[in-house]
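Q: Have a look at this one.
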Number of protein chains: 2
Amino acid sequence: MKRVKAFAPATVANVSCGFDILGFALDSLGDTVELVAKESPGLTVKSIKGDGGKLPLEEDKNTCSIAIQAMLDAMGSKQGFDIYLEKGLPLGSGMGSSAASAVAALVAANELLGNPFDKKDLLPFAIVAEKAACGAAHADNVAPSLLGGFVLIRDYFPPDVIKLPVPEGLCCTLLHPHYQLNTSDSRSVLRERIPLKDAITQSGNVAGLIAGLFQSDFELISRSLKDVIAEPYRASLLPGFETVKSAMLRAGALGMGISGSGPTLFVLSKGAHLHEKFGSEAKKIYDQLGLGLDMYFSKINTQGGGLIQS
Amino acid sequence: MKRVKAFAPATVANVSCGFDILGFALDSLGDTVELVAKESPGLTVKSIKGDGGKLPLEEDKNTCSIAIQAMLDAMGSKQGFDIYLEKGLPLGSGMGSSAASAVAALVAANELLGNPFDKKDLLPFAIVAEKAACGAAHADNVAPSLLGGFVLIRDYFPPDVIKLPVPEGLCCTLLHPHYQLNTSDSRSVLRERIPLKDAITQSGNVAGLIAGLFQSDFELISRSLKDVIAEPYRASLLPGFETVKSAMLRAGALGMGISGSGPTLFVLSKGAHLHEKFGSEAKKIYDQLGLGLDMYFSKINTQGGGLIQS
């Protein structure tokens with residue numbers, strides 16, 4: 001009986017000025033999917049660990065089986081799989097939970113099928129799953145989870161995905177305060193039309209961020225990490241956002257933004273040494289608000305989803 | 001008597017998706033300024049050649065003297081100069097005419113004053129002159145004319161100017177059809193508010209263009225050279241625009257856009273071999289419209305303004 005295990009990393013999407021077009025992968029958090037090839041057709045989600053019973057086992061609702069089915073359909077294959085999902089990151093936190101599951105499932109299935117697809121070509125199947133899970137066919141979580149590093153999604157029709165360099169020493173601290181945030185609320189606060197001058201400011205900043213990544217220019221990255229399109233509206237949904245952001249910048253962060261549509265916040269820094277300071281400053285603020293806080297520290301994952309050798 | 005001569009190149013601003021934030025310098029077109037240091041204070045524009053008598057000689061209206069005066073004021077200097085300007089590019093064509101004059105004047109003055117400023121630090125004085133000439137303190141002509149290559153203007157307050165790499169073999173054909181276009185008309189057709197989705201498309205394209213320049217990826221550059229913010233509105237002011245654009249892309253252009261606020265169009269290509277074809281195709285179209293056409297071919301100037309050895 002053929003079986004294989006794959007891991008795919010958590011991700012930060014909507015990277016500040018890169019709203020809707022830029023994401024990056026995290027090193028130390030992610031989901032694991034084990035697949036067993038069946039003799040008969042059909043996908044069966046056998047077990048999910050670490051989700052507190054919240055994720056659906058039905059194969060037409062689970063992000064792993066939806067992704068694999070899209071892949072099988074593209075191949076005209078009837079191969080069946082048993083699916084064992086182990087969640088390694090919190091649901092609904094804005095860290096690309098559904099994307100990590102879909103990507104891990106696809107990497108594992110591709111291996112068991114004899115690698116009919118290049119890794120990059122798995123992306124459309126992950127986008128199908130993302131659409132089912134989130135209602136929108138966005139790629140700024142699945143693309144970095146699949147490819148690693150910073151990934152630009154220049155266009156969707158067809159997907160035009162560009163992997164960007166990661167400056168040595170760039171690190172991320174994730175702050176996950178304990179409150180629920182509805183993705184549809186996060187969408188609905190955005191304006192359908194925005195001032196032209198804000199669009200120009202945003203494009204200048206994203207251009208600066210891309211140049212900063214290529215040049216390993218941390219100061220330019222820091223100056224560019226400003227979102228004038230989404231953050232000013234979404235911040236009002238996030239208790240303590242402005243206070244935490246000011247504290248992180250004072251503590252030496254290159255920048256801070258909302259990870260995906262929140263509530264998790266990402267803090268980028270040069271080197272790992274500031275992590276503890278970020279954590280203690282943030283904890284003080286959330287304590288005052290009566291909110292619990294989980295913190296994670298991660299380098300930028302540059303490999304993306306891959307097999308786990310057993 | 002100390003005298004010195006400087007050249008500064010013509011420039012393309014509003015580079016497609018880089019509307020208002022990106023410009024590049026041209027190799028074969030530009031203005032020359034000769035300065036003579038006077039014994040007494042005061043700036044005198046002694047002569048202007050090649051402008052058909054259209055440019056002002058008054059030192060509070062001429063872009064050369066305004067730029068130099070801003071520089072002298074910053075130094076607290078009373079040094080006087082006689083100014084001899086030779087225009088090498090057409091006025092009001094969208095090729096950065098006023099910027100080239102200002103930059104050449106500043107480079108020459110800096111030399112005669114013993115180089116008190118680094119080249120990059122001349123930018124604020126050129127912006128002062130640009131504001132006087134155009135009514136807006138934009139920097140996407142003066143910055144590439146000064147520094148050469150592709151230049152990103154990430155922000156204005158204070159100016160944050162980033163020089164970008166130029167892929168080997170990237171060439172530009174300029175099409176200057178003979179009709180007048182008012183810069184204020186070009187501004188007034190723009191929308192004050194734009195759809196959020198257009199802003200996201202634009203930022204994805206500019207991010208792709210920046211990545212393409214760093215990676216010398218001509219296909220990515222080509223896919224990214226799309227402006228959804230200004231071009232769709234401005235094109236209606238430009239006779240034959242869509243027809244010419246289609247013809248250029250069919251002929252092998254990486255992309256085509258409006259240079260500055262027009263009427264000149266820039267056509268980017270990989271290598272010089274397509275220049276003749278671009279020219280003959282464009283000429284056919286403008287002939288049918290009863291419009292004359294000047295054409296220029298240029299590599300990308302990577303040096304920016306500099307002294308001319310006599």
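Numbers run from 1 along the shown chain.
Each Cβ is built from the backbone N, Cα and C atoms, and glycine gets one as well.
Caution: TrEMBL annotation is automatic and unverified by curators.
Just lifted these from TrEMBL, have a look:
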BINDING   A:Pro90, A:Leu91, A:Gly92, A:Ser93, A:Gly94, A:Met95, A:Gly96, A:Ser97, A:Ser98, A:Ala99, A:Ala100  ATP binding site
DOMAIN    A:66-149  domain 'GHMP kinase N-terminal'
DOMAIN    A:210-271  domain 'GHMP kinase C-terminal'
Q: For a three-state summary based on DSSP, what are the helix, strand and coil counts in the domain 'GHMP kinase C-terminal' (A:210-271)?
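A: Final tally across the stretch: 30 helix, 10 strand, 22 coil.
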Q: Using DSSP, what's the helix, strand and coil tally for the domain 'GHMP kinase N-terminal' (A:66-149)?
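A: Split into helix, strand and coil, the domain 'GHMP kinase N-terminal' (A:66-149) gives 48 helix, 7 strand, 29 coil.
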Q: For the binding-site residues A:Pro90, A:Gly92, A:Gly94, A:Gly96, which Cβ has the most other Cβ atoms within 10 Å, all shown protein chains included?
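A: The most densely surrounded of these binding-site residues is A:Gly96.
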Q: Taking the Cβ of A:Ala100 (ATP binding site) as reference, which residues of that chain separated by at least 6 in sequence fall under 8 Å from it?
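A: Counting only residues 6 or more apart in sequence, the Cβ neighbours of A:Ala100 (ATP binding site) under 8 Å are A:Ala8, A:Pro9, A:Ala10, A:Thr11, A:Gly30, A:Asp31, A:Gly88, A:Leu89, A:Asn141, A:Ser145, A:Gly305.
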Q: Once A:Pro90, A:Leu91, A:Gly92, A:Ser93, A:Gly94, A:Met95, A:Gly96, A:Ser97, A:Ser98, A:Ala99, A:Ala100 are set aside, which residues in the chain still have Cβ within 8 Å of the Cβ centroid of the ATP site?
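A: Same chain, not in A:Pro90, A:Leu91, A:Gly92, A:Ser93, A:Gly94, A:Met95, A:Gly96, A:Ser97, A:Ser98, A:Ala99, A:Ala100, Cβ within 8 Å: A:Ala10, A:Leu89, A:Asn141, A:Gly260.
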Q: Report, as a single number, how many Cβ atoms besides its own are within 10 Å of the Cβ of A:Ser98 (ATP binding site).
A: 25
